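One structure is given below, encoded as structure tokens.
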Amino acid sequence: MPRHHAGGEEGGAAGLWVRSGAAAAAGAGGGRPGSGMKDVESGRGRVLLNSAAARGDGLLLLGTRAAALGGGGGGLRESRRGKQGARMSLLGKPLSYTSSQSCRRNVKYRRVQNYLYNVLERPRGWAFVYHAFVFLLVFGCLILSVFSTIPEHTKLASSCLLILEFVMIVVFGLEFIIRIWSAGCCCRYRGWQGRLRFARKPFCVIDTIVLIASIAVVSAKTQGNIFATSALRSLRFLQILRMVRMDRRGGTWKLLGSVVYAHSKELITAWYIGFLVLIFSSFLVYLVEKDANKEFSTYADALWWGTITLTTIGYGDKTPLTWLGRLLSAGFALLGISFFALPAGILGSGFALKVQEQHRQKHFEKRRNPAANLIQCVWRSYAADEKSVSIATWKPHLKALHTCSPTKKEQGEASSSQKLSFKERVRMASPRGQSIKSRQASVGDRRSPSTDITAEGSPTKVQKSWSFNDRTRFRPSLRLKSSQPKPVIDADTALGIDDVYDEKGCQCDVSVEDLTPPLKTVIRAIRIMKFHVAKRKFKETLRPYDVKDVIEQYSAGHLDMLCRIKSLQTRVDQILGKGQMTSDKKSREKITAEHETTDDPSMLARVVKVEKQVQSIESKLDCLLDIYQQVLRKGSASALTLASFQIPPFECEQTSDYQSPVDSKDLSGSAQNSGCLTRSASANISRGLQFILTPNEFSAQTFYALSPTMHSQATQVPMSQNDGSSVVATNNIANQISAAPKPAAPTTLQIPPPLSAIKHLSRPEPLLSNPTGLQESISDVTTCLVASKESVQFAQSNLTKDRSLRKSFDMGGETLLSVRPMVPKDLGKSLSVQNLIRSTEELNLQFSGSESSGSRGSQDFYPKWRESKLFITDEEVGAEETETDTFDGTPPPAGEAAFSSDSLRTGRSRSSQNICKTGDSTDALSLPHVKLN
């Protein structure tokens, strides 16, 4: 449980403290009001004074700083001079040991124990010298035992063997005792139960048997008992077990067992088949040779022959005599020897592989220390960060700031003179040691005078020292600076609380606060450099051991690279799409999903859409540029036609993600017409667009002609010879435009902007119609449109005149062609000019009137035309459009044309046209919507 290091006026919890033995005795005697408390966590001889002296021994108390300061300073001094007391465990229980047990806790004792255990059980370095000496002793005993069996050397070998056996008994006896004792360094072999567990190990059992046999043989020889010597000669065989104990760690047996276990299946298979061959061959040879050859009289003789033959030993004591037996022996020998020889090859290859693996493992074990060092450096660099709150990480660096307390200098010197070793006392007696003492004395002299005065006058208050070294005396060890004010205590009491007994007898205390920020920065930089050095050393140990390691590294790197490439390809597919498809697959998908829009959010789909839109825009811009250039070049002509501009027809192919709902709708006329003739437009006939411009000064008799003929020609019927004409016509490429008189001056394209207030602009115009030339293949009709915003009142005044002229046209018997304005349901977005659509009010222009009114109207509004837009925009045709008059079958002399300002569309038309006329065939003419935007 961590202690609370933040001090305060009320005194924070100081941690878990347990009453020590010496302090308990003092409390029981009643000598001092305070009782000594032991720091459970630190395990050092730190003594606290607690006011609760009546509490029992071994009780866990939650001590406070205020309670610790309640006792007097005399008891503290006596407790320091006395014995420190028993050590406490982490659970607060006192650890009491006897004098012999406390000796075992000595560091030197543990060091020697570990050293001897490593020499005997884990020999390294010069420890092999001792084991080589023991091996020579054992091998010498073996040689002398051999010579003792030879009659010529029996006497000399026996005397030498007796001396050598005495030496062996002494060496083996001492070694066995040391082994049992040094095994206590391992936690599992501590105590008498642990020692018995260690003595039951196989090699310890062998040592015990050899030692007992050697003692028995030597004791029998020294007594001269002949019968005992002859009876104990068999014990000499047990002395051969000394050779077995040479491999104390059993590495050889472990290696053999691992090889056999690794190749157990192969060995069992070879031995099983070899045993079957041995049985069958011996039995068949026995059946053949038992009558003719006395050497094979029994089946046991045949098995002996088979074993010697198949193992390729071949003593030759037994051989088959009959030819049938020899043939069987040869056949089974060829078959059986191959299986009997398999285990040798399997074990040989297994040993080779195992040895190579052990060498590689040793090479890999060399990486442990660099790896551990690297981990340690990484953690220290992390713990030394500016934002780190770690305290223990600065502990190794506090030794540089280690200073001694001046107030206890005499006592410290006295105790250190008793506890210092001879080497250290000699060093302190040297001039260098005297300089150290003088520095310590100067440190004590640099104390502030106010400190001594305050300590004598008020035992409960003391000020901080002036020097840097003495400032650490009154701070708790390894304690962070607290924002709360620290209590001011007596100097001796503070020393009793915060000072730590050093092993050399000097009381010293250094705080983390003494490490200034620049010093911490330097430590941090050093740790970072150590980290980089450790990383470089660790990388050096990662070098491949052999070619197999290189291949493994390359294969692992290749697999990692493939995984990374696959992951990268998956991400690229998610961003850009699935790449290009084959042409067949493209065609199939295009047929099945011709009008379906894909919702693929990939980058590839977006790029394709953008490319299609850019291509559409480029084609439109090219068309507009061609029109503009033609207008500039032919501006002086009397009539400029858009058909002569060679406008490329716009395809209805979907080039973007916009669709027009009109693309598949039929615009038909009213059902109230007397007769309708529906003509579906051909999909492969492209429309041409004719734009006939007139001079600036238009004649009074301006008119428009709508004449659908067999060739869909647009004709012009002038009222007089001075009339100019302005015709907007859409027809096929084969259409022709009637010649118009040359204008007086060049003219520009000026179209008045549409007005929402204009509903009907009508002028009386002679309209010629040729119903006999109407063909099913005709896809367009001529549409003429001229409008001006100044002619609103003029058009309304002529509306009554238009109706009066209709009756005169009926009397003349001329054919009247009535064109009804079409009301599209929902034009949507144009396929050809989708980005240039602007909605305007519907403008229906009806032209009627006499020559004078037309001349007067043209003179009124044409000079006031301002710069107009080049394109006629699309308008929504409302239900409140001007009603179209219907006529009977009597052919009137004149006609009236009502045209809607629907969008001029180019490209293949999928809508039907209905032309309504009177006569034998009653047709309805539906004008196609043409967008020029």
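Each residue, glycine too, has its Cβ placed from N, Cα and C.
The topological domain 'Cytoplasmic' annotation in Swiss-Prot covers 1-126 (among others).
The phosphoserine annotation in Swiss-Prot covers Ser89 (among others).
Residues or ranges marked as transmembrane segment by Swiss-Prot: 127-147 (among others).
Residues or ranges marked as topological domain 'Extracellular' by Swiss-Prot: 148-157 (among others). Residues of the same chain lying 6 or more positions beyond the ends of the topological domain 'Extracellular' (148-157) include none with a Cβ under 8 Å from any Cβ of it.
What Swiss-Prot lists as transmembrane segment is 158-178 (among others), and the listing cites sequence analysis. Outside the transmembrane segment (158-178), and at least 6 residues removed from its termini, the chain residues within Cβ reach (under 8 Å) are 116, 120, 134, 137-138, 140-141, 144-145, 148, 204, 207-208, 210-211, 214-215, 217-218, 221-222, 242.
The helix, strand and coil residue counts that DSSP assigns across the topological domain 'Cytoplasmic' (179-201) are 19 helix, 0 strand, 4 coil. Positions annotated as topological domain 'Cytoplasmic' by Swiss-Prot: 179-201 (among others).
Residues annotated as transmembrane segment in Swiss-Prot, with sequence analysis given as evidence: 202-222 (among others).
Residues or ranges marked as topological domain 'Extracellular' by Swiss-Prot on the basis of sequence analysis: 223-230 (among others).
Residues or ranges marked as transmembrane segment in Swiss-Prot (evidence: sequence analysis): 231-253 (among others).
The topological domain 'Cytoplasmic' annotation in Swiss-Prot covers 254-267 (among others). The average pLDDT the prediction assigns to the topological domain 'Cytoplasmic' (254-267) is 90.
Residues or ranges marked as transmembrane segment in Swiss-Prot: 268-288 (among others). Tertiary proximity for the transmembrane segment (268-288) is limited to same-chain residues at least six positions away from its ends with a CB under 8 Å from its CB atoms, namely 296, 298-299, 301-303, 305-307, 309-310, 320, 322, 324-325, 328-329, 332-333, 335-336, 339-340, 342-343, 346.
Only residues 6 or more beyond the boundaries of the topological domain 'Extracellular' (289-299), in the same chain, are considered here, and those with a CB under 8 A from a CB of the stretch are 282-283, 305, 317-322, 325. Annotated topological domain 'Extracellular' per Swiss-Prot: 289-299 (among others), in sequence order, evidence recorded as sequence analysis.
Residues annotated as intramembrane segment in Swiss-Prot: 300-320.
Among the features that Swiss-Prot reports, topological domain 'Extracellular' is placed at 321-326 (among others), with the record citing sequence analysis. For the topological domain 'Extracellular' (321-326), the residues of the chain that approach it from at least six positions outside its boundaries are 285, 288-289, 292-293, judged by C-beta separation under 8 angstroms.
If you look up Swiss-Prot, you'll see 327-347 (among others) marked as transmembrane segment. Nonlocal intrachain contacts for the transmembrane segment (327-347), taken as residues 6+ away from its ends with a CB within less than 8 angstroms of a stretch CB, comprise 259-260, 263, 266-267, 270-271, 273-274, 277-278, 280-281, 284-285, 288, 306, 309-312, 320.
Feature annotation from Swiss-Prot assigns topological domain 'Cytoplasmic' to 348-933 (among others); the stated evidence is sequence analysis.
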Residues from the same chain, set at least six apart from the ends of the region 'Interaction with CALM' (522-529), whose C-beta lies under 8 A from its own: 377, 380-381, 384-386, 394, 397, 515
Across the region 'Interaction with CALM' (522-529), what are the DSSP residue counts per state (helix, strand, coil)? 8 helix, 0 strand, 0 coil
Which residues, given as numbers and ranges, are at least 6 beyond the ends of the topological domain 'Cytoplasmic' (179-201) yet have a Cβ under 8 Å from it? 110, 113-114, 116-117, 120-121, 207-208
